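Asks: Features from TrEMBL:
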type   : residues : note
REPEAT : 27-111   : repeat 'Solcar'
REPEAT : 124-211  : repeat 'Solcar'
REPEAT : 228-309  : repeat 'Solcar'
Amino acid sequence: MGKNNLSDGNNKYWNARTAGLIPHNNIYYGKCLMGGALACGSTHLAITPLDVTKCNMQVNPLKYTSLFGSLKTIMHEEGSRAIWKGWAPTVLGYSPQGALKFGLYEIFKDAFSNLVGYDNAQKYRGLVWLSGAAASEFCACIALCPMEMIKVKVQTSVPGTFPTAFIPATVNMHTNRKVTRFPYGSILPLWSRQVPYTVTKFYFFEKAVQMLYTHVFTEPKASYSKSTQLGITFTAGYLAGFLCAIVSHPGDSMISLMTKPRHKGKSITKIIQDVGLLNVCTRGLKTRVLMIGTLTAFQWWIYDTFKTAMGMGTTGGK
């Protein structure tokens, strides 16, 4: 037996990177980065119409009052292509963000487990998940922020007042950076949205998978087919997604509100005072719950499908 195998009765040499059936080497982490980029880039691109609608409902709630009504209004006034505004910065922002979020989570989770040792890693597994998720998303937001600022500005500007094509929009944001605060003017609201979202997303996903394999699918994980394991992944992802939407919605609202001309130059505190905390927390929430629940479920499913195809197995277990 290898010295990292727990069955030798000595946890002194335990290493989270080699404790499982598949060693977590640099190739493994690289594949996780690739899977994360694929999962987040593709899903955020697919829900661009919902994102456009949700952002407009946040910044102009009197005009955009419902999901389908707002979609119809946008297409009627701006054309059917308008619901795909911001697709380029979406892909260019969320692909590296997803790579760092999922890839660094695997790295941090192993690193923190090794830091505290086997006994504490098992006893405080939830805290390891939380810490790994928070650290990974903190880094991922740095990659996302510039593209997120362009995306939101493109999606929420009054038609004709701001370029919708990616390169002209980027040039405009950069040229007027004293006004737009590009590229990191939204980093604090972004962290306030994404870190709670990712902490919830990873912790409750891991918890849901653990409970499903403990109380529902009680046979050894390896005994179930890949399709069954991926079904469990999708279910756990959807459950986590509903909670993600609720805890991250205030930060998401602030990012949208900061692009509105009448809030130009205002602090976050002042914007909350003007709009009202309840409105910040609830405007567009139903749409976001639908969007994020579906998004999170498919992200985990795509990520685990990629891992399975690479011979790495699905995430989590008993």
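Every residue gets a Cβ built from N, Cα and C, even glycine.
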Asks: So what pLDDT does the repeat 'Solcar' (124-211) average out to?
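Replies: Looking only at the repeat 'Solcar' (124-211), pLDDT averages out to 94.
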Asks: With DSSP helix as H/G/I and strand as E/B, how many residues of the repeat 'Solcar' (27-111) fall in helix, strand and coil?
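Replies: For the repeat 'Solcar' (27-111), the helix, strand and coil counts are 74 helix, 0 strand, 11 coil.
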